[in-house]
Amino acid sequence: MAPIALKILLFTSLIVPSISLSDQARNGHARTICEVKPGGSSEIDDVPAIVDALTTCGSGGRVIFSNNTYHINSVMNTTWLDDVEIDLQGTLLWSTNISYWLNHSLPVGYQNQSTAWILGGKDIVFEGHGYGTFNGSGQTWYRYVGSTSNYPRRPNQLTVSGAMGAVFKGLRFVQSQMWTMSIIHTSNSWFDSIYVNNLYDDGGSAQNTDGANTIYSKNITLTNWEVVNGDDSISTKANSTDITIANCTFTSGLGIAIGSIGQYNGAFETVERLKISNITYEKTTHAVYFKTWTGDQVGYPPNGGGGGLGYASDIVATNLKTNNLKGAPFTISQCTTFSGASGNCTNSKFQIRDLVFTDISGTTDSSDVASFQCSAVAPCEDITIENVSLRIAGNTTHAEEYLCGNVDGTVGFNCTGDVCVGSSATGGC
């Protein structure tokens with residue numbers, strides 16, 4: 001193993017990055033600064049140097065990645081951070097050793113998902129200046145997994161776990177291995193000016209390349225994101241509360257997802273107080289869509305499950321701009337079940353209620369504004385849709401259809417027909 005390269009610097013030698021960083025730690029002492037020196041070769045794993053820097057300067061200090069490439073050849077678990085500033089000026093490049101990652105990826109703690117890096121702690125500032133980059137070498141993964149959904153042990157790129165008062169800003173994520181970012185057991189944190197591009201160079205959809213997933217988290221703000229991918233742009237999953245998504249542009253993916261949820265038999269989960277505003281959609285499938293598992297447990301996560309309890313409520317989306325949406329902007333499906341099985345779309349005990357969608361305009365490929373495939377056991381309640389101006393791309397007609405199944409209480413629209421009941425997780429057939 002190459003020797004660990006770690007350089008201790010005085011604060012006065014550092015050019016202060018673009019966000020407001022302090023030369024003093026929370027305790028009033030001057031910050032210790034660690035600059036990670038790259039090994040300079042893909043054969044040299046830079047993880048030992050990174051972990052050493054975060055150990056030395058991870059409490060009241062600053063860790064600097066210079067404008068170089070750092071080779072990430074092994075997993076990282078750095079959850080002890082406290083009042084630390086991480087300054088990424090270069091690129092973190094993950095290796096393409098699929099066998100290693102499948103055998104060593106770390107558990108996320110939800111849906112049997114795995115990850116390459118778990119990062120957590122208190123008062124973390126992670127600054128990328130708009131060019132600091134995570135490169136997951138995703139093309140190798142997209143070819144390897146093919147059409148297999150949730151390939152076992154395929155890692156998320158970054159998991160923010162147990163963080164409080166964190167700020168992640170100006171980071172670029174390209175070619176993520178799977179989900180770009182999972183945010184779990186985290187609170188009072190801000191993720192701003194994040195760029196994600198997970199397109200598959202060989203064509204087709206790079207599935208499971210979500211921009212971000214919130215899980216068991218509260219008071220999370222995601223602003224000024226740009227996501228180009230083949231799956232959920234951003235997803236709020238189990239026990240996500242007080243989440244704000246604003247001033248974002250989403251391209252090519254499925255749109256903002258609530259779920260999937262209701263996957264664990266008998267478990268009570270919620271998504272509450274989600275605020276979505278000022279979003280631009282470029283050729284996504286939907287604007288906002290809901291996906292819950294059926295009332296029957298078939299198999300186990302990540303590709304099986306069902307029978308979960310709970311509700312999604314107090315969800316508001318406003319000021320949405322679309323360019324050639326592929327499907328209805330607002331959909332609900334309660335049909336998710338084991339991969340390859342046909343689910344019962346009407347027996348979920350997970351309820352969806354108190355939704356407000358206002359001020360959506362642009363173009364769409366669908367004549368449907370909404371497709372709500374709700375459970376008969378726990379019908380959807382109190383849905384408002386107002387100020388819709390969606391022109392069907394290529395002509396002058398407008399989307400005016402509202403398809404409903406088991407919906408009680410509508411404001412601003414009337415249901416115009418029955419929803420197509422099918423096993424699609426995205427509310428269509």
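Glycine is treated like the rest: Cβ placed from N, Cα and C.
Among the features that Swiss-Prot reports, active site, proton donor is placed at Asp231. For Cys374-Cys380, the entry in Swiss-Prot reads disulfide bond. The annotation N-linked glycosylation site is assigned in Swiss-Prot to Asn97, Asn103, Asn112, Asn135, Asn219, Asn239, Asn247, Asn278, Asn344, Asn387, Asn395, Asn414 (among others). The feature repeat 'PbH1 1' is assigned by Swiss-Prot to 217-238. The repeat 'PbH1 2' annotation in Swiss-Prot covers 240-260. What Swiss-Prot lists as repeat 'PbH1 3' is 271-292. The annotation signal peptide is assigned in Swiss-Prot to 1-20.
For the repeat 'PbH1 1' (217-238), the DSSP-based tally of helix, strand and coil residues reads 0 helix, 15 strand, 7 coil. Tertiary proximity for the repeat 'PbH1 3' (271-292) is limited to same-chain residues at least six positions away from its ends with a CB under 8 Å from its CB atoms, namely 233, 236-262, 308, 311-334, 336, 348, 350, 352, 357, 360, 362, 375, 425-427.
According to DSSP, the repeat 'PbH1 3' (271-292) comprises 0 helix, 17 strand, 5 coil. With Asn278 (N-linked glycosylation site) as the anchor, the candidate recorded positions are Asn219, Asp231, Asn247, Asn344, Asn414, and the one with the nearest CA is Asn247. Most Cβ neighbours within 10 Å among the glycosylation sites Asn103, Asn239, Asn247, Asn278: this distinction goes to Asn239. Within its own chain, Asn112 (N-linked glycosylation site) has Pro152, Tyr300, Pro301, Pro302 as residues 6 or more apart in sequence whose C-beta sits under 8 angstroms from its own. When secondary structure is read from DSSP and collapsed to three states, Asn239 (N-linked glycosylation site) falls in the coil class.
With a 10 A radius on its CB, Asn395 (N-linked glycosylation site) counts 7 other CB atoms from all the protein chains. Among the recorded positions listed (Asn97, Asn219, Asp231, Asn247, Asn395), Asn97 has its Cα nearest to the Cα of Asn135 (N-linked glycosylation site).
Of all the recorded positions listed here (Asn103, Asn239, Cys374, Asn414), Asn103 has the Cα closest to the Cα of Asn97 (N-linked glycosylation site). Least crowded of the disulfide-bonded residues (Cys374, Cys380), judged by neighbouring Cβ atoms within 10 Å of its own Cβ: Cys380.
There are 14 other CB atoms within 10 A of the CB of Asn97 (N-linked glycosylation site), with all protein chains counted.
Within the set of recorded positions Asn219, Asn239, Cys374, Asn395, the entry lying nearest in space to Asn103 (N-linked glycosylation site) is Asn239 (CA atoms). For the glycosylation sites listed here (Asn219, Asn344, Asn387, Asn414), the lowest count of other CB atoms within 10 A around the CB belongs to Asn414. Secondary structure at Asn135 (N-linked glycosylation site), as computed by DSSP, is strand.
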